[in-house]
Amino acid sequence: MSDRIYHSYVNNFYQKAKSPKNTQLIKQIQRSNPTSPKKNLQIYKNINPFNHENCQRIIEENAIRFSDKKTVQLGTVYGCNILLTTKNSQPKVFEKLIQLSDNSNFRQVTLLKSISPVSVVKAKDFLNDSISNRSRSAQKMYSDKDKFQVGNNKSSLRSLIYFPLANIKDQISEESKSKRNKIKVIKDMPIQLDNSFQTINHQINSPNNNIVGDQSHVILHNIFKKRQQAEEGLQIQEEPQNYIKNKLELQERKMYLENQNPKSLSPIKIHFNEKSMPFKNKIQKKITYNEQSSIQQTITLIKKKILGPPSLYSRLKKNSEQFKNIENLIKNKAKESHEQNMQEYLKRIGCTDKNKKVFCINSQDQFVQEVLIELGWIENKLFKSDLFHLKWIYTDINKDYENLKEGQFYNHFQNNQELTNKGRLLRNIKLYLVSYPHLQKYFPIQFDVIYKQQKEEFLNEFQKFEIFRKFKDVIQIIKNDLTQELINQLTQIYHTKFIKKEEEEELQYGLITYFRQNQQFKQYIEYINQVNKDIINLLSKIPNPNINEMLIKYLNDLSILQVDKLECDQEQGDKNIQAQIINLSISIELDNILEQIYPYTNFCNFWIIKPCGSSKGQGLQIMSDDNQIVNYTTQLQARLVQKYIERIYICKSQEYPQLYNKKFDLRLWVLVKSFNPLTVYYYKHAYLRVCSSEYDLSDTRNIFSHFTNYSINRNKFIQNKNVEDSAISLKLLKHIIKKEHGISYQKKIQPQINEIIIHSLKSVQKKIKQNNSCFEIYGFDIIFDEQFNPYLLEVNLSPACSKRNEFISKLQKEMFISTLNILFNTEYYQIQNWKKIKIQDQIQKVINESTHTQLQEEVILNSNNFQSEDSEERFISAAITIQKWYRQIKLMKNENQKI
């Protein structure tokens, strides 16, 4: 397709984009049945090139039409806008999308033919997640000039993937239409000296970047389309002051070039406008980088341009100390320029006090604005301005991090979604636990079922808990009928059998007499035998059953018991009862082991389903049927499946009506001042989030008794006129634990919570970009089991909740004042409630406890497959071998008897 035809097509596309005919066009698409890509192009060319906002608007306007799940699905995938229509709904929507994203060849879009539309409510979630999951392989698709229509014409699916376009009249220059095909970068878009194809691609694929924007067409048309002409070089025309504007960026460019492979960089040619050159004529007018030139030579040329003529640069290079001093002067000059700009701003608004602080805010946290104004700060209402000392934004964008200077503070870190997004946090935690598996005790079992492997792992885990549930039911009945003395004797038999035969027979004598008198136990024993066989068979079929080492001894003993049982089958009487007693003793021991391994569950097999990108309790469900869970997570955007903490701590004392028989969790504020080195504080005065109804595990549909989110319980609290009970001070829980159970919260529980905080942050430390001007406050949600063991539920972004009662309002203001005292080294109101966590002590403790080597970690990470330990596989193969051996012995005995 020639440039002329392409631009005429784009002009026609854009002129009709804003016409209010979207609904009619969609109807036309539904009625049509195109037979060729060319005809498809004629139908689709008038559709608005949806950006993020337009997509949501059209979904809302056509909510009634889309709710029947048979018509249209809208979304944005891999930098393209996509509209899918199909006659027949088919399952596994998101699984197909993931297969597509993992595939290096983007042209295999025919996989989309099996995708079915989803409801309106979940179309928004699909849109949000798809923007943040774009693949680099999209550039291969863009390099193909002629493929605007991708799909299978023979199927009922009619899909279109097209370029996101912008207003060409304002952006496309005359030079871009010429035959030379040079790239003219618009002046409004800053291009840095180290800009390459990868850098521009990263800008386009940024999660916070609107694909349909002022620069998107120029970038896609002039860079992606001409990627095949890379050998001719990308020619960038730009005025020098745009990239020499901030000399502090020299170090960043140097680090970028040093870390890149020369062959992976596109050729870059930088042309200077000779008339606007601030340097002398002796300096070269052109910097050229190609694959033959080394990285160091390029860095040298860059430094020559910034530091001056070659003679001056060579003298500075010889004296390294003087060179470092100049770099320090550059930093100091940048700091001075920021302070000068702030003083000029204060003078411009009529403020005579040069020490006044300025803040920008665009957030729902009203307490921030109230506290700063009370402290005498001045608000810059242009929250996108660079003139501030503190910027407080609800959600960040990548552009906010570009021009941060020393002395400024911004309340987010770049890539914080790695910690606050439920799906990304799960992946990071799992990778981290590969090196430190003993930390699994702080994180409930959880799976992202959108991935095929994790979906299979979830089903295996569900089956394992289901068979354990059946076992617990029957063993509980037996325990209720047995006295504690008999249970102790059975436990003693388990620990002494196969060691001292005389003592074992002596212990069994009383039990044999008891079993003879109670014939009902024969039914219990038969049921236990069947359950034990089911356990062995189930675990032998599961590839990675994730068996704890404590279970290995039990299951091997159970297999060995089958030899005695086979021998006793030939002889009735006491020997048979003796084998049954041993079997029962092993089963009781298994019950004790399960209590230790899974202290947070009573094996009801409840699982909680969570959407990845939602907040405020949206989309939460509790289910106990594996088929129902799989169907729910496949059709909707609820991807995460987490084991429900069933045996939580519930206050049973009526002295404390705020917590009596109600579920609660802990919301703990955590301040991260730096990720490298890791500097972390936790807020001492945390609070409890309490449910509005009493806890009842038999009724999982009552959301008011199982979810502590205030957005869920708000109306219930208002109706009951007890909003004050929605959030309670942690001091009350400390008092209850100390008085009722004799446990010190500060000595037993707080150290474990510190471990959860540190290792959660360590799991994402390499993925979050460090910036000395950034800080962030996270909300860690933690729940306790009956033994007061803490578990991390999730980590929240911007966790300072809205006003609900006086206690929370006071807590928010004190927390924020304490934050200001740490950031600006002040002493406002003498308040400091942040307590620093000793990082090195926690890390060293984990290293000492870890048994994994660095080599094992690398092997597992490279395979990207979380396998179980080798001991489990050896156990399963051994158990199967023992069972085969039993059968052979039995056959041999039967044959000998016949002879």
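Using N, Cα and C of the backbone, Cβ positions are placed for all residues, glycine too.
For 471-835, the entry in Swiss-Prot reads domain 'TTL', with the evidence type sequence analysis.
DSSP assigns Asp665 (ATP binding site) to a strand. Here Swiss-Prot flags Gln642, Lys643, Tyr644, Ile645, Lys663, Asp665 as ATP binding site.
Residues listed for ATP, Gln642, Lys643, Tyr644, Ile645, Lys663, Asp665, cover a largest CA to CA span of 18 Å.
The 10 Å shell around the Cβ of Asp665 (ATP binding site) contains 21 further Cβ atoms across the protein chains shown.
Other residues of the chain with a Cβ within 8 Å of the Cβ centroid of Gln642, Lys643, Tyr644, Ile645, Lys663, Asp665, the ATP site, are Pro444, Tyr600, Ile608, Glu646, Ile648, Ile783, Tyr791, Leu793. For Ile645 (ATP binding site), the number of other Cβ atoms no farther than 10 Å from its own Cβ, over all displayed protein chains, is 21. Reduced to three states, the DSSP call for Lys643 (ATP binding site) is strand. Within 10 Å of the Cβ of Tyr644 (ATP binding site) there are 22 other Cβ atoms, across all protein chains. The binding-site residues examined here are Gln642, Lys643, Lys663; by Cβ neighbour count within 10 Å, the least packed of them is Gln642. Confidence annotation: the domain 'TTL' (471-835) carries a mean pLDDT of 81 in the model.
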